[in-house]
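Enquirer: The structure under discussion is supplied below as structure tokens; questions concerning it will follow.
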């Protein structure tokens, strides 16, 4: 029997649907103790909005982890700085969001928690407050001193990783270099073996330019950077194939063999997974010293009808975090 683990969850932007997702997932009995790092008053209010009775237990690290009953959650209370109105951003609560992430990250680093699951944040409002914030991936990597984080979204057996994350299109070609591609591929390889238990993985790599550069006629990054980086990893017990044009790589003839695909930038890789698995896929950060999964969607500030809120992505993110933390094999 697997030992019960503790999973810490940050709901994210308080004006968004993160708190609603937590309320909805409380209606299941999980295999781990879920610890929610948030403002308890907002959580209780959202539960009332949904007509759900919620019982909160204050977190005590000296007690053994315990699976909670339906409608019960463990909580680490962190208060918001200002009033919260559903759907309306409040710049004063940006530090609250960072405070919850900081507490959760510290707890994972010191092994207090087995994994972190994050709800959606609003990057813009955090930046507007003066905080240097690019995204969850970059924040968690910086906080944990991880030099080579890899953002990956996955839906069933489709896993799409990114060479670059949240940067403007005009800057992407400047960021793509031999060491970057090589290091990202090594992190992906190690994660496929250690997390997903795939001993001899197959990784496909997208080109940067249309038609993967067309033999250097539409850009030379494929010839000068991507191919040499792939060739330098021939010693690894895996297949790394590419660069392949991004308009071809998502054909079934490639996908059927791919354990992961490395896209060069955010909007090259993620439209495919958002198309086939939106609200049912999971974001996972590879390379961190702890497990971190997340929902595949944003804050959904414009949702008025509570019945439109789906917790499927959050449920999948939690299930994946539990599977990994309890060292279950996650098979293709």
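In case you wondered, yes, glycine gets a Cβ from its N, Cα and C as well.
Pulled the feature table from Swiss-Prot, pasting it below:
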type	residues	note
BINDING	136, 137, 274, 283, 292	substrate binding site
BINDING	166, 211, 266	divalent metal cation binding site
Enquirer: Name, in the order they occur in the sequence, the residues of the same chain whose CB lies under 8 A from the CB of residue 166 (divalent metal cation binding site) and which sit 6 or more residues away.
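Expert: Those within reach of residue 166 (divalent metal cation binding site), by Cβ under 8 Å and sequence separation of 6 or more, are 123, 134, 135, 137, 138, 266.
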Enquirer: Looking only at 136, 137, 274, 283, 292, which the record lists for substrate, tell me the maximum pairwise CA distance in angstrom.
Expert: 20
Enquirer: Taking the Cα atoms as reference points, how far is residue 283 (substrate binding site) from residue 211 (divalent metal cation binding site) in Å?
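Expert: Distance (Cα to Cα, whole Å): 28 Å.
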Enquirer: What's the number of neighbouring CB atoms sitting within 10 A of the CB on residue 266 (divalent metal cation binding site)?
Expert: 18
Enquirer: Which residues in the same chain, at least 6 apart in sequence, have a Cβ under 8 Å from the Cβ of residue 292 (substrate binding site)?
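Expert: Within the chain, residue 292 (substrate binding site) has Cβ neighbours under 8 Å at 108, 115, 116, 117, 118, 136, 140, 284, 285, 321.
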Enquirer: CB neighbours of residue 211 (divalent metal cation binding site) within 10 A?
Expert: 16
Enquirer: Among the binding-site residues listed here (136, 274), identify the one with the smallest other-Cβ count within 10 Å.
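Expert: Among the binding-site residues 136, 274, the sparsest Cβ neighbourhood within 10 Å belongs to 274.
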Enquirer: Roughly how many Å separate the Cα of residue 211 (divalent metal cation binding site) from that of residue 274 (substrate binding site), to the nearest whole number?
Expert: 22
